[in-house]
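If you look up TrEMBL, you'll see 5-351 marked as domain 'Acyltransferase 3'. Taken from TrEMBL, the feature transmembrane segment covers 12-31, 43-66, 87-108, 204-225, 237-254, 260-281, 340-361.
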């Protein structure tokens, strides 16, 4: 099936946001320039864009497979193949990178960059059980930690968001089968609306948020109705309209994540809305976001590999520090003059390991999972 390059572009944007948001893990020194950039650019919102894209993609892939009868037998015929495909698509790569980081924290302990092996093993356990979001919140609350990747909780804390998606994949088939189709859109709109006004800063609600996912599902379901086609933003076929509209939406996505600027209690809900608008634009598959050949190539490459990049980027940042720590003379402390060297090293390693993981782990095992599901 041909990929929607606009959706792939949203994945590329989301992973770019996250790479920048976690860039402070790349440098062993305090970067004044990066700290200043973070004052205005708080790009954790890439996670919510990923959530919305996931909700849309999953609902789109399943909408024509929904059983007509809400029975236990039909449910399992529908749900089990879906779960098999999701497991083979997500688990092998995640478990690989969890294990790589754990092994590195055991073998490369001298540098101190890899965190506590015990905490990494603990977080890995919860990540493999798909409840890392709950553990991550409890750990941070226990230690009163402001930093996402503070070593007291291990270095695997990016897996909280993957646990939310796994929980969604577990629950979605129940809603899809046992809720009448005419009530599916109202149901997922309700899921969004309940969460929209809630202040989730610093609470467990931020670790279980599903409002962006719900909007993605709503967009996929809405696409079956005539009103969806009637409201297509056809003006975006023209660059002079597309460029400012997309730029404004991305600017909003960036600044709504900045607590210094977006000082309103429901900013997380607004982030879900902006993500939803971007996914809605992309859902028409009319190259509204990829209106040039270079953008199509970027979207295709980064979008298809965004999951692997997400899993690999923190270990790669740590490995970059490890490489330079071993290369530089003993007692030498690099500073901002080494920024470009660290960035280039990280890019080279990230491209290499991403390509290897994507080609030799993700694709073959995803295809195997698809074959197993087809036999069910």
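A Cβ is built for glycine as well, from the same backbone N, Cα and C atoms used for every other residue.
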Take the C-beta pairs under 8 A between the transmembrane segment (260-281) and each of 12-31, 43-66, 340-361. Which stretch has the highest count?
43-66
Please figure out which one of 12-31, 87-108, 204-225, 340-361 racks up the most CB pairs under 8 Å against the transmembrane segment (43-66).
204-225
Going along the chain, which residues at least six beyond the ends of the transmembrane segment (340-361) come within the CB cut-off of under 8 Å?
26-27, 92-93, 96-97, 304-305, 308-309, 311-313, 316-317, 319-321, 323-324, 334
Same-chain Cβ contacts of the transmembrane segment (87-108) under 8 Å, 6 or more residues past its ends?
114-117, 120-121, 124, 127-128, 155-156, 159, 162, 166, 307-308, 311-312, 314-315, 318-319, 322, 357, 361-362, 365-366, 368-370, 372
Across the whole of the domain 'Acyltransferase 3' (5-351), what does the mean pLDDT come to? Round it, please.
93
